[in-house]
Amino acid sequence: MTQLQISLLLTATISLLHLVVATPYEAYPIGKQYPPVARVNESFTFQISNDTYKSSVDKTAQITYNCFDLPSWLSFDSSSRTFSGEPSSDLLSDANTTLYFNVILEGTDSADSTSLNNTYQFVVTNRPSISLSSDFNLLALLKNYGYTNGKNALKLDPNEVFNVTFDRSMFTNEESIVSYYGRSQLYNAPLPNWLFFDSGELKFTGTAPVINSAIAPETSYSFVIIATDIEGFSAVEVEFELVIGAHQLTTSIQNSLIINVTDTGNVSYDLPLNYVYLDDDPISSDKLGSINLLDAPDWVALDNATISGSVPDELLGKNSNPANFSVSIYDTYGDVIYFNFEVVSTTDLFAISSLPNINATRGEWFSYYFLPSQFTDYVNTNVSLEFTNSSQDHDWVKFQSSNLTLAGEVPKNFDKLSLGLKANQGSQSQELYFNIIGMDSKITHSNHSANATSTRSSHHSTSTSSYTSSTYTAKISSTSAAATSSAPAALPAANKTSSHNKKAVAIACGVAIPLGVILVALICFLIFWRRRRENPDDENLPHAISGPDLNNPANKPNQENATPLNNPFDDDASSYDDTSIARRLAALNTLKLDNHSATESDISSVDEKRDSLSGMNTYNDQFQSQSKEELLAKPPVQPPESPFFDPQNRSSSVYMDSEPAVNKSWRYTGNLSPVSDIVRDSYGSQKTVDTEKLFDLEAPEKEKRTSRDVTMSSLDPWNSNISPSPVRKSVTPSPYNVTKHRNRHLQNIQDSQSGKNGITPTTMSTSSSDDFVPVKDGENFCWVHSMEPDRRPSKKRLVDFSNKSNVNVGQVKDIHGRIPEML
């Protein structure tokens, strides 16, 4: 292969890798955006998300979209990312036919000009479309679950648990619906993590997010409920909002307000601000912010909370609808509510076309309030209640026309009651029908205008009105829907009920909180009492010797400055207990086990006092010699052959020149200071003895003689004249002989240790280990003299170290040497 071919191959490979790495990726497929169903002879519009494709090079780069293989009736606008068109009836000849077709969506990354193509599926059908029912009123539904903003939103407190349940009857062609979806409004994105949708019950449930500021304006979240007759697509959507804020600006008005003009066309209407609430109380003038007209015609004006204007003559006429508009009302925190208005010229007495059914809880007090805004001219209208079915028991319910209140005690066996609300004005009469439906006890949602919830079902009306009003409650237009609300005269009753509820809550809190505190205190006391029973007082516990301090350098005299290694003989700290060997050996620290003269007190601490007065950290081996040869004259000490070992400073774990190391307490130093005239032996000795020597006490197999005498060290600082003892013959180690020899030796020591000042020293130098041998007599050990050394193989080794450090038990694997003899 030539160099040119290799170069071209590498270039192609690099280009391919570049395409693989830098190609835009599919972030939000069109299939998950639930595109609408295209229906013949109906307009089709669908805007895809700008996050359908994302750049893999620059996350902020915008993707440019283009579409291919579109049918003739469908077009795509790249600038707005919108599909639009209208399929003709010729496309599908048979009834109830569905046709799927594919389109190719191309996305180009503006960062590096790379592209991504994907194929997506759309559908067109000639099935009858699904739409909203004419009597559906979104505000009337949301009012059952809390306060509203007067337009299309439910107001929530931060961290409030809520649910909103929709009714299947709000859709037409209900039998053709196969699926329901709950999504976010923008591009039908998934719901946030604090909101859930149950497609079986059409219920949104969740907990409102937290607001971190008490003065921050409210935040709106838009959602949709989608109904479809083709899986994976959308047929009709109902949009609503959840508004969360630190303060709640709400209204109890749940329908469009009707302004009925006279033949002159003059308009004058005061805004019903007494139906506006801030944090559950009627809003005061100092808390009011701006008031604005929205989508109003030029001839409508707003002045000091009053709507005024004059309808043009060409718009006047019987049952005409000259204008629809809204008014936004803000508070000082930036929260907003809306009033929706319809200007009409009509002879109708009702401003609404139907009334919803009302739920009543069996065995409880029932009350419901109608709104003056439900009438076109409430001041000049007489309102009454009629019972349409005389066979039903209706004696329990009463109607007060003065405040439009319906109230009574619901019977326990109540099922249903059919009623009609009748409006009369002169010779004109109009009536709307509704039902009161009995329900079992359940938790209801309180509001400003009613203590009972309401549901929607089929409605009937005898109204002769023929006008159609547009509402602001849904994304898809529908006819004006029914609503209920309270009258101004009913406000005192509602406030009274609210005050009663607050008192009941206060009483409940006053009882429940102290009981809760007492219960918590009792639980804490029981827990404390139980722990006290499981853990008795310290004075009842047995006194135990504390465990050894593993970090105390005195416990490791040979490991100072040593290289740390993993010690195979180390014990796990968790394994220490009161019966462990380490604790038992630690108890031996209180015994005087040093190999000193028997004349010393067993609890004497004079040695330690003298050691502490010396102020030196080293000792002289001449005071601790255990071999008679050490007491004889020696030639001057030559420098050690090994740069590491010093015969004058031997460790208890090492032999030098086949000589045993001295046995010294790790608390002992040999540089003793002069004995004071006043010496107290009242302190317990803390000296210890080597554990291996302590337990290695076996009687020799046979008695041997030696010509060496038992001699006290001539280097003792308290004895300048010590005479050698006569040679003694070995005897059978009977108790009598052992005692006799021991007493004779002690007498010789006492005779030879009289100082110039007549002071008998308390501490004597250690006798030779060649002469005294422990012999077991029954359960006790006695010391006898051995005339000849009994040499046996020792387990200790003569070692060499390259690091010139002291001996560390953890370094046993690195030690090399020979095994010497041991006395």
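Glycine residues also receive a Cβ, built from the backbone N, Cα and C atoms like all the rest.
When N403, N595, N649, N737 are compared with the annotations in Swiss-Prot, the one labelled N-linked glycosylation site turns out to be N403. Of the residues N41, N803, Swiss-Prot records the annotation N-linked glycosylation site for N41. Looking up N447, N663, N671 in Swiss-Prot shows the N-linked glycosylation site annotation sitting on N447. Considering other CB atoms within 10 Å as the measure, the emptiest surroundings among the glycosylation sites N50, N389, N403 are those of N389. The DSSP secondary structure for N163 (N-linked glycosylation site) is strand. Annotation: N324 carries the greatest number of neighbouring Cβ atoms among the glycosylation sites N41, N163, N324, N382 [cut-off 10 Å, Cβ to Cβ]. Geometry remark: N389 (N-linked glycosylation site) versus N359 (N-linked glycosylation site), CA distance 18 Å. Closest in space to N50 (N-linked glycosylation site), of the glycosylation sites given as N41, N117, N266, N324, N382, is N117, taking the CA atom of each residue. Figure note: comparing Cβ neighbours within 10 Å for the glycosylation sites N117, N266, N359, the maximum is reached by N359. Nearest to N41 (N-linked glycosylation site) in space, judged by Cα atoms and limited to the glycosylation sites N163, N324, N359, is N324.
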